[in-house]
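Trainee: The feature domain 'DNA primase large subunit C-terminal' is assigned by TrEMBL to 294-462. Marked as [4Fe-4S] cluster binding site by TrEMBL: Cys304, Cys383, Cys399, Cys439. Residues or ranges marked as region 'Disordered' in TrEMBL: 477-503.
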Amino acid sequence: MDFRRKSRARTVRKPEFENLEIQYPHNVALYRMPPTEDIKIHEFEELALERLKVLRIFEQASSKSLRFLSDEWKDFVNAELSREGLKGYLRLCTNSSANPSTDNTKYEHELQARRRDYISHFILRLAYCRTEELKRWFVTREMELFKYKFSSMSSADIKHFLELNKLEYSPLSEAQKDSVKDGLYESTVGQSISKIELLDFYKVHFTQVLDLVRSRRCYLNGGFAYVNTHDFVSIIAVLQLNEIEHGLQSAQKLIREVEADERIFHLLKSLHTSYTGKDYALSKQGNVPPESLDQLSKKSFPICMRNCHEYLRSNHHLKHGGRMQYGLFLKGIGVSLEDSLRFFREEFTKKIDAEQFAKRYEYNIYHNYGKKGSMISYTPYSCLKIIQENPVQDDCRGCPYKTSDTSALKVKLASYGLSSTHVQEVINYVTKGHYQLACGKYFQIMHESPVELGVHHPNQYFEESQNLMGNRTAKKAANISQRKPLKRGASDNSKTLDADEDDELWNIAETQESTYNSQQAEKSAWDEDLDLTAIDC
């Protein structure tokens with residue numbers, strides 16, 4: 001028998017990934033120095049939107065009143081990160097840096113995730129340095145992301161992190177722990193004495209952990225706080241907070257210089273309100289005949305679109321903002337160009353003649369479908385855009401949860417069949433300014449669903465409603481940003497199911513093959529390298 005010791009197979013790293021390992025040695029970064037590499041402008045945009053998706057997931061968790069870092073909070077965040085295809089960030093939040101994977105492919109993915117995380121943070125500093133309100137939102141969400149990543153680290157990870165960042169924090173020696181053990185036993189909640197003896201404790205001035213002092217989660221003695229490994233994030237969070245706030249100040253001083261580059265000016269200015277969900281510009285689920293809209297609007301339309309539909313039916317006219325909001329929504333749910341023209345013509349000509357309609361309104365409908373003008377197939381409005389709308393008199397655009405008087409909104413909801421208890425549940429969200437959560441509660445009540453839907457787009461509301469009622473087969477949503485060009489000529493010959501129980505999508509024919517013009521090619525300048533060394537923030 002051969003008793004010679006077998007050597008462990010050596011993990012070989014590619015040179016380019018060895019460089020990434022040097023630049024980004026840990027899953028958790030303090031974001032002290034701006035990145036120095038050149039990136040393409042399309043990657044600049046992609047990284048910004050990707051991180052914005054992540055921060056919005058943390059905002060959703062907060063809006064749902066989930067206790068920060070609780071098991072329920074983590075389950076929600078992890079599920080949303082996975083559902084949105086943000087597995088790189090999920091990996092950063094749950095994997096160990098001290099023990100990297102021996103699988104080259106997995107480890108390379110992790111290094112790329114670290115790079116994307118680092119660069120995207122500095123990009124968003126440029127977008128969120130403009131106003132105090134934007135700064136507050138950005139700092140709050142970034143600190144939640146930082147604390148989540150840090151809270152997942154083991155003791156070995158924390159020691160590795162401290163060494164990399166040259167932070168001189170050392171755990172108490174056994175003799176030092178023994179001298180204050182009674183205080184540690186009394187102040188460490190939820191741990192047995194045997195487990196407390198195994199924990200590392202750090203001694204810092206109490207001003208560094210005021211949140212722990214406030215919540216009585218550490219032992220205080222002689223002006224010093226004794227913090228265990230699980231709460232050590234509070235110490236480092238203060239350093240991270242200072243770094244981000246200082247970085248935002250630096251970015252604000254340089255923002256005019258950065259915005260001189262037209263390639264990134266519009267992106268940075270509109271980033272906070274950018275829609276980051278599924279693209280609903282082209283429906284692949286089936287054609288929706290205008291004759292079914294009255295019935296569909298009663299259950300499958302969010303009230304912003306139901307409001308537009310009812311206003312059009314009663315007034316036989318919509319102002320430009322209302323036509324854009326409702327017309328693009330109808331396009332997104334599957335109303336064809338020909339049917340849209342017929343639908344609006346039949347309504348408008350109850351007040352004006354056909355010639356006036358053709359002269360004043362037809363072009364706008366052709367334009368929305370990408371058949372006139374710039375030849376771009378426009379995307380339906382997202383919830384964020386609709387909420388920002390400021391309707392004028394006799395205009396039905398905007399979000400009724402925001403624009404309607406509370407008493408009028410209660411009457412409207414009651415007329416839609418909601419009980420007084422359910423009306424109050426919706427209103428509770430409205431009074432707090434959580435309009436999308438109010439819409440999700442309305443969806444849950446109308447569909448008697450056990451789960452409260454997170455509504456981000458009116459067409460998402462419609463699609464989820466149809467899926468829930470069995471009129472459409474649920475498909476895994478492609479995580480396509482609104483800013484990405486649409487694919488050409490995709491057709492779907494599947495038929496929608498016949499819904500006997502609500503008879504909403506009756507007499508629907510096969511989907512006709514349609515070809516939509518893709519967005520105009522980006523100018524060559526948008527493919528040039530963007531030098532990040534000039535952005536010192």
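Note that Cβ sites are derived from N, Cα and C of the backbone, with glycine treated the same way.
What TrEMBL says about a protein is an automatic prediction, not a curated fact.
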Trainee: Check the domain 'DNA primase large subunit C-terminal' (294-462) for me and report the mean pLDDT.
Mentor: 92
Trainee: Name them in sequence order: residues not among Cys304, Cys383, Cys399, Cys439 whose Cβ is within 8 Å of the mean position of the Cβ atoms defining the [4Fe-4S] cluster site.
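Mentor: Filtered neighbour residues, in order: Pro302, Ile303, Ile386, Ile387, Pro400, Tyr401, Lys402, Tyr435, Gln436, Val455, Pro458.
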Trainee: Taking 10 A as the limit, how many CB atoms besides its own sit near the CB of Cys383 ([4Fe-4S] cluster binding site)?
Mentor: 22
Trainee: List the residues of the same chain that sit at least 6 positions away from Cys399 ([4Fe-4S] cluster binding site) in sequence and have their Cβ under 8 Å from its Cβ, in sequence order, or write 'none'.
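Mentor: Cys304, Cys383, Ile386, Ile387, Glu389, Tyr435 - these are the non-local Cβ neighbours of Cys399 ([4Fe-4S] cluster binding site), listed in sequence order.
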Trainee: Cβ distance under 8 Å to Cys439 ([4Fe-4S] cluster binding site), same chain, sequence separation 6 or more: which residues?
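Mentor: Pro302, Ile303, Cys383, Tyr401, Val455, Tyr461 - these are the non-local Cβ neighbours of Cys439 ([4Fe-4S] cluster binding site), listed in sequence order.
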Trainee: Note down the number of other Cβ atoms within 10 Å of the Cβ of Cys304 ([4Fe-4S] cluster binding site), including every protein chain shown.
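Mentor: Here the count is 27.
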